[in-house]
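Engineer: Dumping what Swiss-Prot says about this protein:
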type	residues	note
TRANSMEM	9-29	transmembrane segment
TRANSMEM	66-86	transmembrane segment
TRANSMEM	98-118	transmembrane segment
TRANSMEM	131-151	transmembrane segment
TRANSMEM	159-179	transmembrane segment
TRANSMEM	194-214	transmembrane segment
TRANSMEM	259-279	transmembrane segment
TRANSMEM	293-313	transmembrane segment
TRANSMEM	322-342	transmembrane segment
TRANSMEM	350-370	transmembrane segment
């Protein structure tokens with residue numbers, strides 16, 4: 001592919017918007033959950049999650065292990081790779097309108113759930129790469145040729161080996177290519193052949209990945225449990241309903257926040273736009289019923305792939321980072337608005353810019369809240385270390401037990417009420433027996449020798465040696481106990 005002047009302008013605009021959107025992360029990125037361990041030990045460990053290509057990439061760019069913390073370079077590289085991938089499909093979807101293309105494609109990053117993905121100092125690279133490759137894979141397969149199916153299958157194996165949740169992005173961009181062909185009066189037969197080709201590329205790649213990679217590399221009880229498919233028996237329907245309700249509870253955090261009108265407006269705009277697209281197609285086309293049915297199916301599919309195949313997992317991970325599909329859905333809504341109201345570009349751009357502005361304000365609040373919480377955690381660990389030293393029982397005790405969860409930083413107490421999603425985005429590391437509590441302690445030079453005690457302890461009278469308004473501290477047997485108030 002050759003880049004023309006429009007591609008270069010598009011990349012410049014998109015990167016400019018992306019830098020503004022992620023500016024707090026580019027200037028000061030906190031250590032986000034897994035980052036704690038990787039920055040401390042320098043290990044890889046993605047292969048056990050079924051993500052061997054992530055291991056390979058970081059092994060290569062670090063010339064082996066231990067890997068180093070090069071933040072914010074991984075995030076910057078991830079955004080650049082995403083921009084290059086999007087430039088490959090810009091012309092097909094938007095023609096020469098690189099300004100609207102930039103605004104619409106930014107919805108992938110403006111996805112409020114994607115904030116968690118971008119917050120990782122290491123994974124931000126491979127997660128952005130996974131999204132980028134999934135888009136290219138979908139595009140390559142949507143050109144009916146046997147060789148394209150093979151290439152798409154290889155790319156599918158690649159993006160699944162980086163981050164499996166990007167599968168939903170593949171599917172939603174397939175829907176984008178279909179609606180593009182509907183608008184451009186492509187024949188039903190060509191649309192059907194291209195769609196079948198894209199689906200074939202995904203299926204072949206997925207099963208190859210599942211058999212040759214996931215089946216052989218996924219290890220550890222946590223990873224194995226979360227990769228199991230619901231068994232086909234009497235509880236199948238019940239399991240699917242349970243997953244749908246659980247994901248809806250996660251999704252509803254944005255509908256219950258102060259920015260809810262943004263997401264309702266996008267859905268409303270999608271419905272109106274698809275109606276307009278259908279009416280235009282009916283006026284000019286012979287296959288009226290077929291086009292109508294196709295658009296209805298596209299609408300339902302676009303909503304399904306916010307969650308996608310994860311509803312069929314026995315124990316899916318309910319976390320913002322897996323809802324990458326929401327960014328694809330937001331993009332798809334904007335694309336349909338663009339197609340339905342091509343003669344009103346200025347109004348569409350203003351609407352897209354407004355969504356992006358509100359999303360940027362929300363993301364800045366999230367990044368600052370995550371940073372404030374991490375600073376509080378470091379302060380708590382420092383204070384615990386001082387208490388242990390002052391009380392004099394640290395030299396002969398090697399185990400530490402946490403009971404309860406650290407409080408929110410004072411500046412976060414209001415934001416989690418204003419925006420319920422913040423409760424999911426702001427990690428509270430010191431949380432009972434969570435393994436990252438131990439890693440956080442080991443990052444502090446004064447408490448690095450303590451190991452987390454994950455068995456139950458019985459608190460009896462006299463166990464408490466000291467306390468403050470955040471926690472009580474004392475000893476039970478050979479274990480230091482910290483109980484949060």
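Any Cβ shown, glycine's included, is placed from N, Cα and C.
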Engineer: Could you tell me what the rest of the chain brings near the transmembrane segment (98-118), counting residues at least six beyond its ends with Cβ under 8 Å?
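Structural biologist: Apart from its flanks, the transmembrane segment (98-118) reaches 6-7, 9-10, 13-14, 17-18, 21-22, 25, 32, 75, 79, 82, 86, 90, 124, 127-128, 131, 169, 254, 259, 319-321, 323-324, 326-328, 330-331, 333-335, 338, 345, 348-349, 352-353, 355-356, 359-360, 362-363, 366-367, 421, 424-425.
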Engineer: Which one of these stretches, 66-86, 194-214, 259-279, 293-313, 350-370, has the most C-beta pairs shorter than 8 Å to the transmembrane segment (131-151)?
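Structural biologist: Ranking 66-86, 194-214, 259-279, 293-313, 350-370 by Cβ pairs under 8 Å to the transmembrane segment (131-151) puts 194-214 first.
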Engineer: Checking distant contacts: for the transmembrane segment (159-179), what same-chain residues at least six beyond its ends satisfy Cβ-Cβ under 8 A?
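Structural biologist: For the transmembrane segment (159-179), the far contacts come to 50-54, 57, 89, 92-93, 108, 123, 126-127, 129-131, 133-135, 137-139, 142, 191, 194-195, 198-199, 202, 205-206, 209, 213-214, 277, 294-295, 298, 301-302, 305-310, 321-325, 327-329, 331-332, 335-336, 339.
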Engineer: As a test: from 194-214, 293-313, 322-342, 350-370, pick the stretch that has the greatest number of Cβ pairs under 8 Å with the transmembrane segment (259-279).
Structural biologist: 322-342
Engineer: Determine whether the transmembrane segment (293-313) and the transmembrane segment (66-86) share at least three Cβ pairs under 8 Å, counting only pairs 6 or more apart in sequence.
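Structural biologist: They are not in contact.
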Engineer: Could you pull out which residues elsewhere in the chain have a CB under 8 Å from any CB of the transmembrane segment (322-342), counting only those six or more residues past its ends?
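Structural biologist: Distant contacts of the transmembrane segment (322-342): 93-94, 97, 100, 103-105, 107-114, 117, 127, 131, 163, 165-166, 168-169, 171-173, 175-176, 179-180, 183, 247, 250-251, 266-267, 269-270, 272-274, 276-277, 280, 302-303, 305-308, 310, 316, 348, 351-352, 355.
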